Amino acid sequence: MNKLKINLLLGLAFFASAAIPNPPDLGVGSYVLYEPTTKKVLVSFNADEPVQPASLTKLMTSYVVADYIKEDFISLDDAPKISIKAWKTEGSRMFIREGKKVPVSELIKGMIIQSGNDASVALAEHVAGSEENFAYLMNGYATELGMENTSFNNATGLPDPLNVTSAFDLALLTSALINEFPEHYKLYSEKTYTYAGIKQPNRNRLLWRSDIFDGAKTGYHSQAGYCLVGSAIRGDMRLVAVVLGSENDKRFNDVSALMDYGYRYFITEKLFSESEAIKDLQVVAGVSDSVSIGLKEDIILTLQKNKRDNLSFEVSAGSQILAPINAFDKAGTLKVIDDENNVIVETDLVYLDSVEELGFFQRLIAILWNWIKSLFN
C-alpha cells in the first residue's frame, strides 16, 4: 500500500490558528451547546450533572407520544376521556375538564405550546394507562437514546427527586425529537394556542427574538430553577442549547449568548459527499482499466471556523487492483487531520463500481503484461 497525502482545502496544512475567546460566563448550574448533525459538543459546563429538569420533562413526553403516533399505536384523532387526576394536576395548565373527551391533537398542542401539565398526564394515561406506566416507557426511550444520566418518574416535570436528567441528555433528546419527528416538532414554534376560549402564549420568548429560533421548551420550579432548551438554525447549521439551574429568568439571554458564540466561531460543513470519487485506481485484467474509490457516506464536521482551512487529508490505498472488483468492498482509508496533527476522522474508502474480470486468456495476457511493465518501473 502506498500513501498519497492531499491538501484539498485552501491554505497550508498545520498553519497555526488564532485562539477563540472563552465561552460566555453564564453563572448557571449547567449548560451545553450541541450540534446535532455531527453530535459535537461545542462548549459545556457540568453537562452530565443529573438535576431536576422541571417542564423540560415534557420533551420526553412529547417524544414518546410522537413515536406512538408514528407506530399507529395511537392517533391524532383519538379523543380520550379526561381523568380526575389529569384535571386536578397542578401547575401550568391547558384547562381541560374532567370527563370531557379531548382529541390527542389538541392535547399535544396544550402540552407543547401551553406547557399544560393536565394535558401531559392525559396523554400519558392514553398511551400507557397510567402516568406510572408511562414513566416506565420514558425511561426505556431514554436508554435507547443514550441518556445515561436520566431517570423519569412523571410526565410533567413537577418536583420529584427521582425525576432527573442532564444538560447533555436533554440535548440528545431534543436533537432526536427534531430529526425523527420534524412535523411534530413544528408545534414548538407556534407562539400561541387557544383552548376553551383561553389564549395562552408559548413560554419560549426566544420565538419572538429572532427567526433563527424554532423551539424548544422552558421549565421552572423552585428546586430546578429556571431552565431552557433552545434550538436555532442558521443556514445549514442547527444548534441546540440547554441551560439548567439559572437563579433568575435570564435563561433566554443565556441561550442567546450560547447561540451567538456557536454561530460566530464554529461551522458545520460537508467535506466529502457519499459516492464522491476520491481517487482512481488502475485495474489489472478487468473489463475496465480503472475504478474510482470513495465513501459510503458523507463526511460532515463541526469545527472552529479558523481551523477549517488548516485540515489535511491522507488517502491510503493501492495504486492498482486485480479484477474482479465488487462495489463497496473496502479499498483503503481516508484520514482527516487537524492543525495539531490529530486524526479527527478515519473512515474506509470503498470501490464505487464493480469491475468484471477478463476471460481466461485475456486475463493471463493482461497479468503477464502488467508484470513486464513493472520490471521497467
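Cβ coordinates come from backbone N, Cα and C, glycine included.
TrEMBL does not curate its annotations; it predicts them automatically.
Here TrEMBL flags 1-18 as signal peptide.
Within its own chain, Ser55 (active site, acyl-ester intermediate) has Ser92, Ser115, Asn117, Thr156, Gly157, Lys217, Thr218, Gly219, Tyr220, Cys227 as residues 6 or more apart in sequence whose C-beta sits under 8 angstroms from its own. The active site, acyl-ester intermediate feature in TrEMBL is assigned to Ser55.
What TrEMBL lists as substrate binding site is Lys217.
The DSSP breakdown of the domain 'Peptidase S11 D-Ala-D-Ala carboxypeptidase A C-terminal' (266-357), given as helix, strand and coil counts, is 6 helix, 56 strand, 30 coil. Summarising the annotation, TrEMBL assigns domain 'Peptidase S11 D-Ala-D-Ala carboxypeptidase A C-terminal' to 266-357.
The average pLDDT computed over the domain 'Peptidase S11 D-Ala-D-Ala carboxypeptidase A C-terminal' (266-357) stands at 87.
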